[in-house]
Structure formats: structure tokens, C-alpha cells
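Pulled from TrEMBL, these are the features on record:
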type: DOMAIN; residues: A:155-344; note: domain 'ABC transmembrane type-1'
type: TRANSMEM; residues: A:28-48; note: transmembrane segment
type: TRANSMEM; residues: A:95-117; note: transmembrane segment
type: TRANSMEM; residues: A:124-146; note: transmembrane segment
type: TRANSMEM; residues: A:152-179; note: transmembrane segment
type: TRANSMEM; residues: A:200-221; note: transmembrane segment
type: TRANSMEM; residues: A:227-246; note: transmembrane segment
type: TRANSMEM; residues: A:292-311; note: transmembrane segment
type: TRANSMEM; residues: A:323-346; note: transmembrane segment
Amino acid sequence: MTAIDTGPVPLGPTQLRRLRRDYFSSPVSTLISVLCFGLLLSIGWVLFDWGVLRATFAAEARQPECQAAGGACWSVIANRWRLIFFGLYPYEEQWRSALACVAVIVTMVLSCIPVFWTGKRLTAVWALGFLTFYVLMKGGMLGLLLVREEQWGGLALTLFIFVATAIIGMPLAIAFALLRNSTLPWIAKTTGAVIDAVRSLPLISILFTFAIVLPFVLPDFVLQEKLYRVIAGSALFFAAYQAEIIRGGMQGVAKGQDEAAMSLGIPYRHRVARILLPQAFRNALPATINQFVITFMETSLVVIVGFFELLSSANAAFGTSDWTFAFVEVYVFVAFLYFIFVFGLSRYGAYLERRMATGQR
Amino acid sequence: MNVPAISIRGLQKYYGTYHALRSIDLTVKRGERIVVCGPSGSGKSTMIRCINRLEEHDGGTINVLGTELDDNIGNIDEIRREVGMVFQHFNLFPHMTVLENCTLAPMLVRKTPLAEAEALAMRYLEKVRIPDQADKYPGQLSGGQQQRVAIARSLCMKPEILLFDEPTSALDPEMISEVLDVMTSLASEGMTMICVTHEMGFARKVADRVIFMDRGEIVEQGSPEEFFTAPKTDRGAQFLSQVLGH
Ligand SMILES: Nc1ncnc2c1ncn2[C@@H]1O[C@H](COP(=O)(O)OP(=O)(O)OP(=O)(O)O)[C@@H](O)[C@H]1O
Ligand SMILES: [Mg+2]
């Protein structure tokens, strides 16, 4: 397309031609491409040299050996990974926490597969996932040792808080969004006030209120366990933001859609479930994925009400005098765990967008 | 069978303080084909949208097939099941295939089993002459095809009455006739129809009665012959000269 292309185009594999078009179409772009490529290469080399070539992997190695090698000291992970994954969960019982993690991940993955997107199937998956997680983690039945919620921690806790927040928060968000669009003004106004109130508070203050203040207000039998109160608070916070995202998506659905469905005699609940929400979610997909990512990151805030989630377990992992020097490696490792999750989520978002695009022209 | 299809008495509609419909009286017999015309803003859409409660009326009574249209949700649902509507902008569901558009309401509302609903849908898609598009999405069809799907979708509910609100005015000229042909064949099969349209040729061919509205009132009505050749009112004559004038 550019001046350089005027000569006869040598026929090569498509990839080669595309490469030329995208990166080497003019002298300036060639220069920029080469510079960027060189920069990437050198950064990559430095990281590879530090993280692999000169790194120490042996579990027996300590500070002297690591520093002699001069690279990353992955020995800290080899020694402390159990703390990072399971927190203060009793050492002998940590296989249960590992299985519980698997249960949460399976629940999460199944919920992402369109085949399961019917009310009954989702409810079944969630109920089963939660039950498995709860029995495994808490025990006190089936011959399993009782492990109280205060002892839960690490990756298992982070995953559980996130998934529970999403599973409770999403239906709540849909309800909020629908109520805010209600034709009855007092319902719409009240819901709007609740949403705005929650959104005007920082998450920390909501967690604090639910964890510390609420027990003084509520009778004993309601949400006794602090963990569940914290999840309730975090779900409420998620719902307030997600409700506005969904409402925004709903505004992008033409009014004629609902009118057409009404004229066919389709009752309200089906109009919402089959016409309004699928289109609203399609419009709101990028923002929704974003909200999930933020929520996952924000689970680390539960540390302020005394929970020992992934990030604070990681802090503890280099908290002994043996390992204080290796905090970078621990953070890199935890960052990698977060990255796997967030990257997976964004790929999933891209998949959904592609899947939904088949419906459009 | 003596009950009229639609019986409207003293219908009033306000938008805020704006008086959109001023005491409309209209009786439609079963099998009757009515064309409604009139200048923009005269209340044609508002009137037919009151019949299936897309707009709530503020005064008067509407009785559809013997059922009174009031705040009773059961009555509204019953009427909507029997009254289909075709819109200017088609309003197909973009996230569903043509076939799914057609089977949705029968399955949800009439509890028709899937296989039966699909067979029904294919029958009506054949009737509107696009059975080969069943697996496409609305966005992949031309305007004329979309409007024919919309008609098939309405027909799948087997309605007694069909309302059309300017079904061809969003279409390119070369697609208008394919939609009008479908409407004409429906009319010849005895469907009760109320069509808001400015297609005078269609009105002459199929309408039993033409209703002329202006400023929220029915100004005159009569057979197409009467209205088009010798309108009784000045407003009617003026409207015709504008529509036919260019
Ligand atoms: N939702 C609404 N809110 C306020 N005013 C409205 C609303 N809908 C219609 N109107 C007004 O009511 C009057 C009648 O509108 P209507 O849509 O019935 O006209 P119409 O005869 O169908 O016109 P057109 O040929 O342009 O479709 C118009 O003056 C319009 O501005
Ligand atoms: Mg109109």
C-alpha cells in the first residue's frame, strides 16, 4: 500500500508478507521495529539470565549459596510454597486445602462454559462447588478434622473469597440493575440510593463495617462467622458497581426489543432473561471482565480485617530471618499467580466477544 | 363470533399535557382489513399501540376479542397473545437466529414443544418466502428479509389480529413490494389487519376501510374508493394532495 510496495512484490508465505507490511513498511517504522525488538530482547535476556541461568532452585540452598550464584533464589518458593498456598491451615491437613482449591477452580471454569448457563445448571454447579469446598476446608464431619475459618488462608482463601463474591454479587447486581429501572419510582429511587451509598464508600470501610461493626448490631445467629460477613460486604460492593455496568448495558438495548417481546405476549421474567439481559451483558462485557479483575485484586484487602489471604501469606513467606532477602522472588511468584488468573480472564473475555460477534453482521 | 375483533370507545391518550388521542371511536369486525393514514404526529402509532398496551390509555374503553383491556395483567397477556404487531424497524432479536426469533414466543407463551415450534416456524418462514435464511442472524439479512421474518415471528403466535406500524417506511424502495406482497397474501386469507401505512396502492388493493387521522382524531373513514377519489373533508383532501402530489 505504501511507496515501497510499488516494485514487484516477491511472493512469499503470507506471514512473511504480513510481517513486512506491519513492521517494515517504511524506513521509520523499520527503525522503530528494530529498536523495540532490540529492547525487548535485552530485557528478556536480563530476566532469563536472572530467573533461570544464574538462579538457584535447590530446596536446601540458603542465602549464601543463592548470593554466590547471583541470580534469583527460587529456593524460597521451594521451601515456603505451602505457606503461600495454604496460609496457616494445619500442615497435616493441607491436602484438603489443595483439593478445595481445585473444587473452586473447577466451579469457576464450569461457570464460564456457556453450556452451563441455565438457572438450574448454574445453581447445581455452585451448590456442589460450595459444598465440596466447605466440607473439605472446614471438616468436622466425615472423619475430617475441624479447621475453623480463622485458620484458612493463602491461595485457597483468595480464590474462595473471589468466587463467593462473584457468585453472590452477580445475581445481586442484576437485581439492583432491574430494580433501579423499575417503573415504580420509590423502588427505583431506593435502589439508586443504596447503590450510590455503597459506591461512595471505600471497600475497606465496608469490609470493616461488615467484619467488626455488624456483630454489635445483628443478632447472634445471623452470619456469625466473620469470613461470611466479609464475603457479604465484598459481594455488596461488587454488586453496586456491577449493577451500574449492567444498567449501562441495558441502556444500549433498543426500546423496540422489549416492545416486540411484549407484543408477542412474552411475560416480564422471560423478557428480562431472554431478550434484555443477554444483550445488556453483550454490551457490558468488557467492563464486566474489568470489574472481575479489579475484584480479584481487591480480595487482598481482607487482610485488614484479619484474614491471611494470598498476598499476606506471601509476605509471611519471606518474613523469617532466613528468607527476608528473597522478597523479590516471592513477589514475582505471587505476581505470576495473579497474572495467570487475570490473563486467563482476559482471554476468556476475548473468547466471549468472538462468540457473541457471530450474532452480529 | 358476533363479538367484534376490536371495539374502541372514547379513547383518550395524553403525553404529559399533550393530548395525543381525542376520543377515538373505532370498531373492527373480524376479518376486516383497515388502513390508517394521516400526517406525521397525528396519533396513528399511538392508537394502534394502545390496542396491545404498548401505550396505556387514559380514558375510554378498548375491547379486544371480547376481553376488556384494563389494568388486569391477565387480560393484557391474553390480548397480547392474540394480537401480533409488526414494527417499522422490525425489532428482531439480534442475538438469536431467525428460527430462534420465531420459536421463542410459542415456546415460552404457548408452551409449544421445540420440534413443533420449529416446524411451525419453518411453515411461516416458507410463507414469507425465506425458509433458506432460518439459521442466519437478523444482522445478516436485508431490510426486506428482516421485515418478512418479523411478520413470520408474529404469525407463529397464530394471532387473530395483526397490527402493522408503517412496516415498509424503513425499507429501500426495491424491498417494499416483497413485504407488501406478503401482507396482501395474509389479507386474502382473512386475517384481521390494521395497517398504518402510506402505501396507497396497497390500501386500494386490500383495505376494506381507510381511516384518516389528524391531530389525534379520526377525521373521516370510508372505503378506499371513496376516500381516495372523493375525500369528504378538507383535511383529508389536503393530506391526499400532499401524499399523492409528488
Ligand atoms: N412517548 C411520547 N412522549 C411524548 N409525546 C409523544 C410520545 N409518543 C408520541 N408522542 C407525541 O404524540 C403525537 C402522536 O404521535 P404518533 O407517534 O402516534 O404519531 P404518528 O401519527 O404515528 O406519526 P408518524 O407518522 O410520524 O409515525 C406526536 O405529536 C408525538 O410527538
Ligand atoms: Mg408512527
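Just so it is clear, glycine is given a Cβ too, placed from its N, Cα and C backbone atoms.
TrEMBL entries are annotated by machine, without manual review.
Residues 90, 93, 96-97, 99-100, 103-104, 106-107, 110-111, 116, 152, 156, 160, 163-164, 167 of the same chain sit 6 or more residues outside the transmembrane segment (A:124-146) yet have a Cβ under 8 Å from a Cβ within it. Only pairs six or more apart in sequence are counted, and the transmembrane segment (A:200-221) with the transmembrane segment (A:292-311) gives three or more Cβ pairs under 8 Å, enough to call it a contact. Most Cβ pairs under 8 A with the transmembrane segment (A:292-311) among the ranges A:95-117, A:152-179, A:227-246, A:323-346 are made by A:152-179. If you count C-beta pairs under 8 angstroms between the transmembrane segment (A:152-179) and each of A:95-117, A:227-246, A:323-346, the highest count goes to A:227-246. Residues 85-86, 89, 125-126, 128-130, 132-133, 136-137, 139, 144, 147, 152, 154-156, 159-160, 163, 167, 348, 355 of the same chain, all 6+ positions outside the transmembrane segment (A:95-117), place their C-beta atoms under 8 angstroms from a C-beta of that stretch.
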